[in-house]
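Peer 1: First the structure, then my questions, so here it is.
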Amino acid sequence: MGGIAKKAHNIAQVRALAKRRLPRAIWEFIERGTEDDLLIQRNVAALQAVQFLPRTLRDVAERSAGIELFGRRQPLPLVIAPTGVSDLLWHRGERAIARAAASAGIPFTQTTSSTTSFAEIAKCATAGHWMQMYLWERRDLSWQVVDTARENGAEVLVLTVDTPMWPLREFNRRAGMSNPIRPNATLVSDFLKRPSWFASVICRYYLEGGLPQFANYPREVGGKLTGTVSRVANSASVCWRDVAELRRRWPGKLVVKGVLSAEDARIALDHGVDGIAVSNHGGRNFDSSPPAIDVLAGIVDAVGDRTTILFDSGVRRGADVIKALAIGAKAVLVGRATLYGCAAGGEHGARHAIDLLANEIDVAMAMVGVTRLEKLDRSYLMPGTFRG
């Protein structure tokens, strides 16, 4: 870890290292949003606008950032968010991030479109294995994935509900990037401009037999990263009846991710969910959505302590985590930070990104004047700097 630790002292510097190493198409896939890229900027700006009202002359010599989340005690209020293309950032990047999360004592959320099997990630994500999914037009195929996740010991199922159809990511098309990936002249030319990355990732996969495959799709779909997956396209017909059916089928903890409306949060509660992730998909889905931090207080107030509130979208500093917790979130999902770390330095880079956030969380706690996260509330925030 020494190399990246000496070069990067915050997430922005980790980001710069990742950008320098990756081809443009891969970089833009993880970094940019949708349409005019406005929401990503608004997410960050809205969090930066929230100010603390620090309390002084308190004994904060002994601090703990630990929480209990869904029955597990963990040392940080963080969860690795579900993210794609990790295996194209670094050779076996998904496992690298899962191991980094485990070494830091925090859960890892695996996507259904993962190129690593549930069983393999379960071996790596020993501090908590969560699984994220969309509901497809073929619900029977979705239920197969749910069954496989349960059989492999996933503890929490995260249903992403903010993507009824594929977003307008025009820059991806311009760069030759698609989902699934389809080789083309633009993409190949771009890849070859990063020879170190190409040799250490793409060539290494081909030496092992080929590019990673979608490891958890049902057999009827096929698993090629460059193949056709139309039968598992996100379904625009997903509704609350599907949530009820998923609740019936899934015995573990159930989280719905992508909620921005207080009314939707109340409905989710009526359908027996265990957690709600207040999220706008990191600004990657719909540019006209509000910053997630702006709706967090309203959702917290709507559901009270009847469910667990998680937060993501726009987090770049440990202080951002503390802001979300003060408003009422229980924990924060981080995605881009560990993607940057993985792209810059594999498992060590991902762990360094977590460590940077952990240190910033610790400093923010001391500066604000709390020794335990459960003591945080909105009285530690400057009135008028947040919505709620």
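Cβ coordinates are placed from backbone N, Cα and C, and glycine is handled just like the others.
TrEMBL labels come from automatic prediction, so no person has curated them.
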Peer 1: Lys257, Lys323: which one does TrEMBL list with Pro82, Thr83, Gly84, Thr160, Ser279, Asp312, Ser313, Gly314, Val315, Arg316, Gly335, Arg336 for the FMN site?
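Peer 2: Among Lys257, Lys323, only Lys257 appears alongside Pro82, Thr83, Gly84, Thr160, Ser279, Asp312, Ser313, Gly314, Val315, Arg316, Gly335, Arg336 as FMN-binding in TrEMBL.
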Peer 1: Please state which member of Arg169, Arg247, Arg317 TrEMBL lists alongside Gln132, Tyr134, His281, Arg284 for binding glyoxylate.
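Peer 2: As annotated by TrEMBL, Gln132, Tyr134, His281, Arg284 share the glyoxylate site with Arg169, chosen from Arg169, Arg247, Arg317.
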Peer 1: Taking the Cα atoms as reference points, how far is Arg169 (glyoxylate binding site) from Arg316 (FMN binding site) in Å?
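Peer 2: Taking the Cα atoms only, Arg169 (glyoxylate binding site) lies 22 Å from Arg316 (FMN binding site).
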Peer 1: Given the binding-site residues Gln132, Tyr134, Arg284, which lie close to Pro82 (FMN binding site), meaning Cα to Cα within 10 A?
Peer 2: Gln132
Peer 1: Under a three-state reading of DSSP, tell me whether Arg336 (FMN binding site) is helix, strand or coil.
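Peer 2: For Arg336 (FMN binding site) - judged by DSSP and reduced to three states - the answer is helix.
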Peer 1: Helix, strand or coil for His281 (glyoxylate binding site)? Use DSSP.
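Peer 2: DSSP call for His281 (glyoxylate binding site): helix.
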Peer 1: Pop the mean pLDDT for the domain 'FMN hydroxy acid dehydrogenase' (3-386) in here, whole number is fine.
Peer 2: 95
Peer 1: So for Asp312 (FMN binding site), how many other CB atoms are inside 10 Å of its CB?
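Peer 2: Cβ-Cβ neighbours of Asp312 (FMN binding site) within 10 Å number 26.
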Peer 1: Cα within 10 Å of Gln132 (glyoxylate binding site) is the criterion; apply it to the binding-site residues Gly84, Gly314, Arg316, Arg336 and give the hits in sequence order.
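Peer 2: Those close enough: none at all.
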